Amino acid sequence: MTNTSKGPAIHYDSDDEDDDHGHFHATLLAQNGNSSRRNSYLAQSWRAVESAAMRIPAATETAGSHSFASRLAGTTSSIRASPKPPKHPNQRAAVTGETTALLQKIESTGNDDEQRSEPPPPPLLNWIGLALLCALAYALYNIFIKKGSASIHPILGGVILQFVAAFLGAALLGLILIFPAADEEDENGTSKGRSKIHMETPGILWAMAAGAWVGIAEITSFIVSGLGVPATQFIPINIGGSVAIGSVLGVVLLGETVMLHGWSGVVLLIAGIALVATDPGTKMEEGGGGPEAELDIISVSTDTPPPLYVWIGPALFCALAYALYNICIKKGSAYINPIVGAVILQFVAALLGTILLLVEWFGMGSTPYYSGAGLLWAALAGVAVGTAELLSFGVSGMGVPASQSIPILIGGSVGFGSVLGIVMLGEELLVQGWSGVVILMAGIALVATDLGEKVEGH
């Protein structure tokens, strides 16, 4: 009897006899009927996000399915085990011919599957708009932090944006579970049935570690912005620094290989950071960490931007935290689906910030300051970063290679951040600063397109 339920269910899947350990999966039951096909750009983007959410990494997918070789061995063994082989020569010839044709068909099907497993990347015009929108969202996230840093305690601001981003991701995940865009079909037009949302213990643990680091990074972002550091300086240094530090950590912690091409990019990143950090352009006096009595970490005058030695250390620590966040995502990427991982890490980051806030509030007797404007900007920062993460899943779901998407997403956010700092904050970069931004974007492109060995997941 056909199950017509449309809701998600929890299913324990032992993956037949090939898998010696089962996994719990949230599954989607196949829906009957023909789904309407929309060709609009919005519908394509939704299907891309859903595709990214439902994709099971190849490293774990093959563990629970029969290989082509085992299917072929099973077919030939069943033919060899026939209890009554034909005795007439013509019958034997006919069976031999049928067997050969069957084996050729199976081999052809296997080759077709291999070819379909690596489709060509989509045309640039199909995904560049979504990628640039994602880069803009990341830049707005940093601008909103800068706008709200003077009106809210840094830990409280971090907690609010993390909870907002987490609920945004959870809402999208719920929509994907309840309203799938389209059922997957095989080459014969038959529904494949249930789509699994992949989740294993290592993936959950690495997502939690990533959440801890991104929580620290986002709180540090509020602290640095609260010191009065201009967005036109902090955003390029934060993003460029995380890429440079991430390249080094990839070699040290993951055993990746960076070639001369990539190390040249790291050198350019360091040079660009130095140029942007020392740019003497006009800056907006925003930030300062709220009431002076509440600024327990570093006390500086907010009449002018703080000197470089005051904020460069926290800024680079923020970049380090973001780099470690990305390392944790790499380590866990093969064990958990991306949207589930994003939701887990954001909730962990929010809970970590809540604990720190309670410790400061009750343990140190310090009441976190905030205003309506500060709460609003923190919430908008959460919407921006949550949207950026979901859009990045959409770009990935379209099949865009990382060597193409990473330079545009990261480099674009640096460029947008510099422009928005001028438009929204009234800041100004001189020739030195703009030269640093260009060098940073060139360094990001070199690092992203390095041909050394990379670790996609463990």
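Using N, Cα and C of the backbone, Cβ positions are placed for all residues, glycine too.
TrEMBL: automatically predicted annotations, no manual curation.
It should be emphasised that the depicted structure is a prediction, and the values quoted were computed from it without experimental measurement.
Feature annotation from TrEMBL assigns region 'Disordered' to 1-24, 74-97. What TrEMBL lists as transmembrane segment is 124-144, 156-182, 203-228, 234-253, 260-278, 308-327, 339-362, 374-394, 406-425, 431-452.
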Interface check, the transmembrane segment (374-394) with the transmembrane segment (308-327), three or more C-beta pairs under 8 A: no
Recorded stretch that, among 156-182, 203-228, 234-253, 308-327, 406-425, has the most CB pairs under 8 Å to the transmembrane segment (431-452): 406-425
Any contact, the transmembrane segment (339-362) to the transmembrane segment (260-278), with at least 3 Cβ pairs under 8 A: no
Highest-contact recorded stretch vs the transmembrane segment (156-182), from 203-228, 234-253, 406-425, CB pairs under 8 Å: 203-228
Of 203-228, 260-278, 308-327, 406-425, whichever stretch has the most CB pairs under 8 A to the transmembrane segment (234-253): 308-327
Range from 260-278, 308-327, 406-425 with the greatest count of C-beta pairs under 8 A to the transmembrane segment (203-228): 308-327
